[in-house]
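Working notes, beginning with the structure itself.
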Amino acid sequence: MEETVDDPPTSAVLLDHCHFSQVIFNSVEKFYIPGGDITCYYTLTQHFIPRRKDWIGIFRVGWKTTREYYTFMWVTLPVDLNSESAKQQEVQFKAYYLPKDDEYYQFCYVDQDGVVRGASIPFQFRPENEEDILVVTTQSEVEEIEQHNKELCKENRELKDSCVSLQKQNSDMQATLQKKQEELETLKSINKKLEQTMKEQKDCWEIELLQLKEQNQKMSSENEKMGVRVDQLQAQLSNQGREMEKLVQGVQDKTEQLEHLKEENGQLFLSLTEQREHQKKLEQTVEEMKQKETTAAKKQQELTDQNMDLSKRLSENMIIHDVLQREKEKMEKENDYLKRENNRLLSYMGLDCDSLSYQVPTSNQGGTRQDPGLVFGNPYSGIQESSAPSLLSIKKCPTCKSDFAADVFDHNLALEQHLQTLSLNCPICDKTFPAKEKQIFEDHVFCHTL
């Protein structure tokens, strides 16, 4: 359903067909070709007066309320309603807003109150068939059709005359009906006001009646209560006379009891004094307990803080332990590598570990000193003493002055691996420390954990 910015006035009330003849649609085709604009011609009857918000809509056949329009166009108000040209009006629907299916539709004129004032015959939107374009008939059929057309034209004129007469009668009846409806609306309004007034008056009377009934019930109840109260007072008076005698006797008894109570009061006063002194002692004890509790709480807090500090230090020590463990594994791997290299060199020179152990000097003979960092000693010192200088070329480590045989294996690789064993690398930032600065290395790793 197509709508514009300003929607037309509609009604959700099911409408009757009593007002459909006030606007008559003329020259409505049985079908319209899709894709083209269509013009709707209509005639305003004598007693119908158009208004600014009246509109013409296209409705699908079978509609119930004026809200079911497919599209609509506002009507144009005539300048002079009394002229004949003002009664003949037209409105054009653009092809873009027209339905695209082949259902049956009809034009409906709706006033600004949402009341339908006229409806056209049904029509369709479909293309032309060949039967609609070309029709071939015989001469006799043509004559018969012409005769039939003459009869239809005559009948049409008679029907038009009858229609005009009926329209006039309908217009008169519509005017009368309009007056009656206005009178009926006036009477309904008056009746509604009277009913409202009567209802309000009735409500006031009912409220007053209920109030009177409630007051009557209250008075009756109070009267009954007063009678009961009088009986009760008389009974109380008799009882009070008897009680007075009892009270006189009771006063004497009470006097004796008072003397006895005075003696007990003195004893209780002494007991109360003792209890107050005992209470003061208890309060002092409670105060001391509170102070002890405060001291215990402070001590517990200190222990908690110490526990947290120890936990933190434990986690830091665990990190350092992991770092040192990895460094230890690295050193063990390097030591294994050096052992394998040592065995390979010994095998290359025709020596074994057992024979080499006898060649290693046990003291500082020959001006050389055993490096305490090597597990199996310096294998090259024995080789230097037992081998001729012509067989091996000896080179020294620039850090620890250890000997390396350059003719046996790659001196640069061996030297690099040897230097790695003499340094400590930080596993976090890869900073290198000499092996003799182990404490500085551990402090550096510990700083990363802070």
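Glycine residues also receive a Cβ, built from the backbone N, Cα and C atoms like all the rest.
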In Swiss-Prot, of the candidate ranges 203-206, 295-298, 323-326, 351-354, the one given as motif 'LIR-like' runs 203-206
Of 115-170, 227-282, 395-450, the range Swiss-Prot tags as region 'Interaction with MYO6' is 395-450
Looking at the ranges 8-18, 184-194, 371-381, which is given as region 'Interaction with LGALS8' in Swiss-Prot?
371-381
Would you find the one among the binding-site residues CYS426, CYS429 whose Cβ has the most company, meaning other Cβ atoms within 10 Å?
CYS426
Based on DSSP, tally up the residues of the motif 'LIR-like' (203-206) by helix, strand and coil.
4 helix, 0 strand, 0 coil
Would you list, in sequence order, the residues of this chain other than CYS426, CYS429, HIS444, HIS448 that have their CB within 8 A of the centroid of the site's CB atoms, where the site is the one recorded for Zn(2+)?
PRO427, ILE428, LYS431, VAL445, CYS447
